[in-house]
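> The structure is given below, and queries will be raised subsequently.
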Amino acid sequence: MSAPRITVLGTGYLGATHAVCMAALGFEVLGMDVDKAKVEALAAGQLPFYEPGLDTLLVEQLATGRLRFTTSYAEVAEFGDVHFIGVGTPQKPGENAADMRYVDAVVDGLAPHLTRPCLIAGKSTVPVGTAERLADRVAELAPAGADAELCWNPEFLREGFAVEDTLHPDRLVFGVRSEKAEQTLREVYATPIGEGTPVVVTDFATAQLVKVAANSFLATKISFINAMAEVCEAAGGNVVTLADAIGYDARIGRRFLNAGLGFGGGCLPKDIRAFMARAGELGAGEALTFLQEVDAINMRRRTRTVDLAKELLGGTVLGARVAVLGAAFKPDSDDVRDSPALAVAASLQLQGAQVVVYDPEANANAKRVFPTLRCVDSATEAITGADVILHLTEWKEFRELDPVQVATMVEQRNIVDGRNALDVDAWRGAGWHYRSLGRP
Ligand code: UDX
């Protein structure tokens, strides 16, 4: 039997990565997006976002002829045996719930064209119950009837490690209603992806819940250590040492225990909120009230970072020149969705500081969401003449700054390390007033 032909609907971080990686594994792949400009850029070998390694892989795969892009649902339906849905499920403006309009649009756009047997595999992070609802919708709309089946196959990739996570996932989760669907997914993943990778085969509800449970756990882990940072600040303890010490317990583990400015991005914040909203609808809201606290602890870190800058400047940032290093929500990404760094920069500017931001990749996105922000092209430009430096996204370039050299660019040696990622002794040794979150 020939290999299934694959389509990927939605070419954002998730979809584009999945499409390119599937082509790299030898499949014929058609990526689809309603955004014509995005499709044209991808087809020309240009990635619409920054993701290490994916840019070259895209160009390579286009050259093989196995990877193509389109804006047509009819073409997708005609071409594919397995259709992956990778569109976004952002937070609804002003609400906690996820906005399902893109997922719904994909199913409504694709299903009427499905005239031959195929599997639709949802990858997006969705409120539990969505897969069940979409399966009904497919049954209603697809001319192929029961031969067009739906399943849920959540994706766990991290930005910055998207290719690695896609090709070498920790686990695969198949939410299926038939053996045929399971077999098709096994066939797709019987590539190097599946070798030695645990496969969890389960029902729709569990498959959808695994994803939000995993992200809720990660968010909780970060907020736990940030809560400890708050206590360390009050008691004069050191949260980094504390994290090292508790992390040696294999049941706890050191990963995701980095205290600092907290989590942001297009996933963790909105996923915990959407999960609370959905649990509430299901009558299980009480089970997740702790996530409210996880969210609150996380947001408090932003205020605390602003306060540290104020403390260093004698109580106010009004008129002060503030260098903000980092705008992306984390290093190796140009994503500024719910970026803690950008939130801090915005808050300082609103309080009358002259903020100058530099991020190696995210300046353009930062300007787009916050047009009045001044972004510059280098760390040196941001730092020169600053009254205080805020280190908010731990790019390698910032971690490697030489405190002695940086001291020659400023009059006042004030630095807030929002990520606990700089060498305290080196900075203090060079005469800096160094403040961080959760360290004395
Ligand atoms: C996350 C999940 O890790 C991934 O599995 C899921 O599929 C999508 O959401 P991502 O949003 O790319 O991935 O970023 P992640 O690496 O998880 O970091 C999230 C945020 O937490 C970042 O803002 C990061 O700076 C912060 N973080 C992470 C901490 O503050 N401390 C840590 O110890 C780890």
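Glycine residues also receive a Cβ, built from the backbone N, Cα and C atoms like all the rest.
Note: TrEMBL annotation is automatic and uncurated.
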> Of the residues LYS221, LYS270, only one is listed by TrEMBL in the NAD(+) site with ASP33, LYS38, THR89, THR125, GLU159, ARG337. Which is it?
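TrEMBL names LYS270 for this NAD(+) site.
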> Since TrEMBL lists PHE156, LEU157, ARG158, GLU159, PHE256, LEU257, ASN258, ALA259, GLY260, GLY264, LYS330 for substrate, which candidate among LYS180, LYS211, LYS367 does it give for that site as well?
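The candidate from LYS180, LYS211, LYS367 that TrEMBL ties to substrate along with PHE156, LEU157, ARG158, GLU159, PHE256, LEU257, ASN258, ALA259, GLY260, GLY264, LYS330 is LYS211.
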> Looking at the domain 'UDP-glucose/GDP-mannose dehydrogenase C-terminal' (323-424) alone, can you tell me the average pLDDT?
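A mean pLDDT of 98 is what the predicted model shows over the domain 'UDP-glucose/GDP-mannose dehydrogenase C-terminal' (323-424).
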> Rounded to an integer, what is the Cα-Cα distance in Å between GLY264 (substrate binding site) and LYS270 (NAD(+) binding site)?
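So the Cα of LYS270 (NAD(+) binding site) lies 9 Å away from that of GLY264 (substrate binding site).
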> Tell me, how many other CB atoms lie within 10 A of the CB of LYS270 (NAD(+) binding site), whichever protein chain they belong to?
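Around LYS270 (NAD(+) binding site), other Cβ atoms within 10 Å: 23.
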> Near ligand 1, which of the binding-site residues THR89, PHE156, ARG158 are found, taking a Cβ distance under 6 A to any of its atoms?
PHE156, ARG158
> In whole Å, how far is ARG158 (substrate binding site) from LYS38 (NAD(+) binding site) when you measure between their Cα atoms?
21
